[in-house]
Amino acid sequence: MTTGDLSTLLVWGAATAFTIALVAYSIDLARIAERAQKRVPEAALVGSGSTRPATAVAGSEDQSAPGRSARAEGIARSTTLLGLVLLFAGIVLRGIAAGRWPTANMYEFTIVGVFVAVLVLAVVQRRRVIAFVGVVVMGISVLALVLALNAFYIQADQVQPALQSYWLILHVGVAIIATGIFTVAFAAAVLQVLRSFREEALVDGPAVTVGTPGRSDRFRRWVGGPRFGWLEQVPGSRELEALSFRLNAIAFVLWTFTLIGGAIWAEHAWGRYWGWDPKEVGTFVAWVVYAAYLHARTTRGWSGRRASYFVFVGYAVVLANFTVVNLVVTGKHSYSGI
Amino acid sequence: MSVHRPEGLSDVFMEPTEAPAAPPTLPTLGLVGWLRWAWRQLTSMRVALLLLMLLAVAAVPGTVWPQRAQDTAKVATYIADHPTTGPWLDRLGFFDVYSSVWFSAIYILLFVSLVGCILPRTKVHLAGVRGRPPRAPRRFTRFPAQGSGVVDAPPSQVADHATTVLRAGWRWLPFVPTYRVDTRDEGNGTLSVSAERGYLRETGNLVFHLALVGLLISVATGQVLHYRGQAIVVQGRGFANAQVDYDTFEQGTAFTPSSLVPFTLRLDEFESRFDPVTLQSRDFTAHVTLTNPGEEPVEETIKVNHPLDAGGAKVYLQGNGYAPDITVRDASGQVAFSGPTPFLPQDEVYTSRGVVKVPDVSGDQEQIGLVGYLLPTVDVRETSFGPAYASVNPQPDDPALVLAVWQGNLGLDTGVPQNVYELDESRMTQLMDEDDKPVTLVVRPGETVDLPEGMGTLTFNELTRYVALDLRHDPALPFVLVFALLAFAGLATSLFAPRRRLWLRLAPGAEGDDGRTVVTAAGLARGDDVGLQPELDRVLAQVLARSADRPPVAPRGPTSGEASP
Ligand code: HEM
């Protein structure tokens with residue numbers, strides 16, 4: 001077996017470990033939901049009695065809080081770590097097999113990106129498991145790894161002259177880290193929005209709306225219902241907003257570096273720093289959307305839940321910039337090898 | 001202090017610390033009133049948000065439709081393929097998105113909005129940096145961080161000590177105080193200490209936004225002053241940096257020919273390396289001799305990713321290929337053509353297509369056109385149609401020219417500029433052999449073959465290489481880089497440097513409890529700041545702890561107004 005094959009095997013191993021972690025997180029989440037469903041009347045009472053449900057629920061911090069499954073959490077934790085170790089080894093061996101830094105094509109981009117996302121997940125969860133964020137990040141990661149192994153895979157090899165530059169490490173490496181962090185921030189933002197709808201539903205009471213309910217009223221009622229009882233177990237929406245913001249801010253700064261670094265590299269390799277190449281446009285659009293997110297957070301009437309919708313759009317652009325632009329659109333950035 | 005705040009900006013830090021805001025005055029509308037209203041709208045946060053999203057949306061069509069700036073031919077094809085929608089899209093600027101009226105309008109409005117928003121804030125910030133930290137609010141209850149305690153020392157002494165604590169330096173920068181501190185006397189023996197840190201946060205924010213403006217201006221300046229040209233240079237030949245020596249040349253509106261430094265460049269040798277198995281390119285190096293005006297020639301190399309700096313311009317290695325050196329003798333034995341002709345590579349194995357035009361035949365012979373391929377490593381396979389030639393390796397291991405021969409009028413005298421890589425066949429005929437099959441000449445280096453029908457001979461002297469160079473001069477480049485880096489640094493600072501205000505109120509203990517001080521504290525931060533309460537707790541703990549065991553101090557120095565940001 002060659003080093004390259006061994007690397008691929010390790011990545012498959014990591015995908016397996018992450019799949020188990022995904023199942024474990026899902027079981028944990030289901031348990032929480034189940035217990036919460038039983039306790040709904042009581043929870044609703046607590047929620048509606050308090051003016052700040054965020055803090056009312058954030059009190060349930062400790063690990064052994066009823067509803068969580070310690071076994072599932074343990075398994076999730078250990079398989080996450082195991083997967084990280086396997087994936088790391090796979091990445092290192094890939095680099096050795098190719099004789100260069102392993103960030104030159106979509107396959108390598110995806111496996112390193114997943115590594116970063118799961119690493120950030122592990123760091124965020126080091127004190128407290130947030131099963132929902134685990135499910136979202138693991139779901140995306142497993143999907144991405146399987147996609148990488150089946151659709152993006154190419155043999156480990158040297159790269160063409162245009163890629164022989166230290167910018168392959170800086171520009172692409174930073175882009176990968178940024179994408180990984182954006183992923184976790186996105187998961188936190190989804191949770192924040194759900195949680196915030198539920199908080200509202202509990203404070204207002206599901207039946208308060210007069211007249212015909214709008215779409216968001218219906219959604220609020222739905223999230224306020226027993227099915228989403230598990231939301232009581234996650235941190236308050238303000239806390240999640242803060243988490244999502246902090247991650248997004250770091251990723252945004254890294255994205256800015258990706259943009260500037262890409263331009264500097266393009267100046268060396270292509271003879272111009274900016275040419276509205278599809279990948280450049282995609283990067284620019286994502287950057288502008290996240291900039292809008294930062295502005296929305298500080299705009300009256302837009303902060304909180306509405307601002308986080310920008311995160312959804314921004315993350316969608318980041319993903320499209322990686323998939324659609326690489327595979328469908330033709331541009332200078334055709335290094336995927338597929 | 002009246003604080004400039006863009007409409008719609010929600011920022012606790014800019015809320016007045018004491019409540020009473022002036023009642024809103026309705027604008028007296030008139031022209032000026034309307035203009036003022038419009039300006040306020042334009043510089044509001046909501047409109048900035050809207051413009052940002054518009055900019056993001058408006059940038060997308062450029063990836064959906066082909067763009068003239070990148071590929072004119074593709075645009076022409078698209079319009080031809082879509083006779084109804086094409087011309088409309090063209091009229092609306094969808095093939096020149098990034099220079100279209102609407103795209104420009106959005107970013108110009110965005111930048112106007114940005115300037116209108118940022119300049120007043122810069123003024124306020126400068127005043128804030130020079131001024132005193134804001135006075136302690138009357139009530140602390142509404143602040144996100146709070147604390148209190150009692151200490152065995154009179155207020156003045158506690159205030160002194162609190163100032164020392166707050167002004168302590170950084171661990172890694174001991175001489176720069178963390179906080180700016182100001183003490184005020186509130187009457188009845190009560191003192192208040194106001195402290196503020198993190199002016200850098202706002203500074204970073206302003207630097208970031210202003211740097212974006214600088215970036216835009218630099219990019220525009222570069223557009224106006226730049227030039228860019230492409231030239232094909234054959235091994236052993238030279239190239240002079242003059243407009244006539246370029247195959248294509250493009251310039252900004254304010255370009256002056258004097259910015260072309262007349263250096264010369266000669267291609268001495270070109271090296272290429274390919275992966276032996278996958279045949280993918282691994283390395284290209286052009287060895288050149290550069291002669292700047294009035295200087296000794298120097299040897300240089302140009303590689304992909306390593307452009308050469310010459311005469312204020314950068315020279316990029318954009319492409320390479322083979323230029324077979326051919327001599328054609330006509331029927332009378334005269335040399336009708338001699339020299340290398342660049343052939344354009346069509347694929348990974350450098351199957352290269354080219355045309356040799358031989359107009360200068362002697363006497364009244366007909367002109368000759370040769371069309372065909374250069375195959376760097378030829379592989380011949382017999383098929384039922386005769387031999388088939390293909391290239392199997394990009395390296396020139398066994399090169400061969402495979403050419404068809406045309407005879408007639410090349411059409412060079414019509415005055416219409418011709419593509420050197422295409423043969424105008426309208427007034428020419430292709431030569432056939434006895435079986436009425438097209439004549440195919442196969443020539444290897446050093447070989448001479450006869451042209452059919454006694455037209456003369458063709459000699460393939462040797463295989464030389466050529467490079468396609470791209471020269472670009474953009475005097476604004478350093479500015480673009482500096483502003484981009486400034487924007488980056490400003491952004492990082494404004495997102496990660498915490499900005500905090502702390503207030504301590506030092507009230508004398510109740511009657512008969514002289515010499516004690518009741519300390520209450522509050523803190524405020526911009527954005528969310530998990531470190532605020534811990535910092536307040538730390539400061540309070542130090543103030544309470546050490547004030548107590550310090551002996552009563554002697555003379556009190558002034559504590560206000562001398563701190564630095
Ligand atoms: C202004 C110029 C540039 C911008 C804005 C830019 C942007 C990006 C971004 C955002 C990514 C990461 C996400 C993704 O792949 O979708 C990326 C990846 C990458 N970039 Fe760039 N880039 C630029 C210039 C360059 C240049 C000049 C090169 C090399 C000659 C380059 C090579 C790569 C490679 C190899 C990848 C990762 C592999 C892949 O996407 O398949 N980039 N770029």
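Using the three backbone atoms N, Cα and C, a Cβ is placed for every residue, glycine included.
Annotated transmembrane segment per TrEMBL: A:6-27 (among others), in sequence order.
The region 'Disordered' annotation in TrEMBL covers A:50-69.
The transmembrane segment annotation in TrEMBL covers A:81-101 (among others).
The domain 'Cytochrome c assembly protein' annotation in TrEMBL covers A:105-330.
Residues or ranges marked as transmembrane segment in TrEMBL: A:107-124 (among others).
Sequence-distant contacts of the transmembrane segment (A:131-154) (same chain, six or more residues past either end, CB-CB distance under 8 Å): 8, 11-12, 14-15, 18-19, 21-22, 25-26, 28-29, 32, 68, 73, 76, 80, 105-107, 110-111, 113-114, 117-118, 121, 124-125, 183-184, 186-188, 190-191, 230, 233-234, 336-338. If you look up TrEMBL, you'll see A:131-154 (among others) marked as transmembrane segment.
Feature annotation from TrEMBL assigns transmembrane segment to A:166-191 (among others). Non-local neighbours of the transmembrane segment (A:166-191) in the same chain are 100-101, 103-104, 109, 112-117, 119-121, 124, 130, 132-133, 136-137, 140-141, 159, 234, 240-241, 243-244, 247-248, 250-252, 254-255, 257-258, 261-262, 264-265, 268, 308, 311-312, 314-315, 318, 322; each lies 6+ residues outside the stretch with a CB under 8 Å from one of its CB atoms.
Here TrEMBL flags A:247-266 (among others) as transmembrane segment.
Sequence-distant contacts of the transmembrane segment (A:278-296) (same chain, six or more residues past either end, CB-CB distance under 8 Å): 248-249, 251-252, 255-256, 258-259, 262, 266, 302-303, 306-308, 310-311, 313-314, 317-318, 320-321, 325-326, 329-333. Sequence annotations record features per position, and here TrEMBL assigns transmembrane segment to A:278-296 (among others).
For A:308-329 (among others), the entry in TrEMBL reads transmembrane segment. Outside the transmembrane segment (A:308-329), and at least 6 residues removed from its termini, the chain residues within Cβ reach (under 8 Å) are 106, 109, 179, 182-183, 185-186, 189-190, 192-193, 241, 244, 248, 278-279, 282-283, 285-286, 289-290, 292-293, 296, 336, 338.
Per-residue confidence over the domain 'Cytochrome c assembly protein' (A:105-330) averages out at a pLDDT of 86.
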